């Protein structure tokens, strides 16, 4: 005979009421029977019995989703955005469905890049390399080990039989409490702890680590940085710790809405001078792209990214960034300095 989850929840209440109404010497026997019943129930297996099979479509059409003319994912029939809780009270199944759809969207985006943008997916040739840093991943989450505390009753003078009975009741109480906690909030089944990644416990540490182990050891003669937001702060910290190495290998640095501060980070005079000559910061601004933007800090020139949205500054300024890199590379070859962004900055400064 199968027991539904709703019956299981109501069962203790029903028995408790019966005990109150009937009373009698068999109350303890009923309680023991209820505890035994609860101890035999495996919550994971119980939830899986009501869970549909993890068999999902392998196309957007199968999921009944499509991208509209604005590039938004919408349901084919209802026109609504994606709904995570497709089935109520089935978080695990909903998560698996979400992941399956995500894999399809990833492939779909690659297809769009090749078909609509006329891009070709190829391997990077040996003469050119790209390194994408991941400064935000500084730790991993693992299950917190359970602490086994020795019962204080072990050292007491209680009879062994009484001590064993108390330990049994304590274990049953904990098991029952864990059972109901797991049911109420299945997403918090385990207590987690953070383990910081060695030598990468912060964005600043990560930047230095990647420099030491990859960039500094590469054969590249022209290294260019694109650093967004906090990435700019991490780059300045890299310069502080590896100034000579960075100056000898890095040709130009493009910052996009960087939050660095040469005063707070205590960057020295030689670093500030190098940044003025080799860096440019495309900041969020409503002004047209490359319009000079004044700064109170004595570091690199600031120009408009052509958008006032922080998260779009990199994308909007890419054409100017790569032009900046090209000029820097040519200037290095001919022992000249790039002039595009600095010229506009100087003109603005002279006007003032």
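Just so you know, glycine gets a Cβ as well, placed from its N, Cα and C.
Residues 146-183 are the range that TrEMBL records as region 'Disordered', among 108-145, 146-183, 184-221.
DSSP labels the residues of the domain 'Arb2' (56-125) in these numbers: 29 helix, 6 strand, 35 coil.
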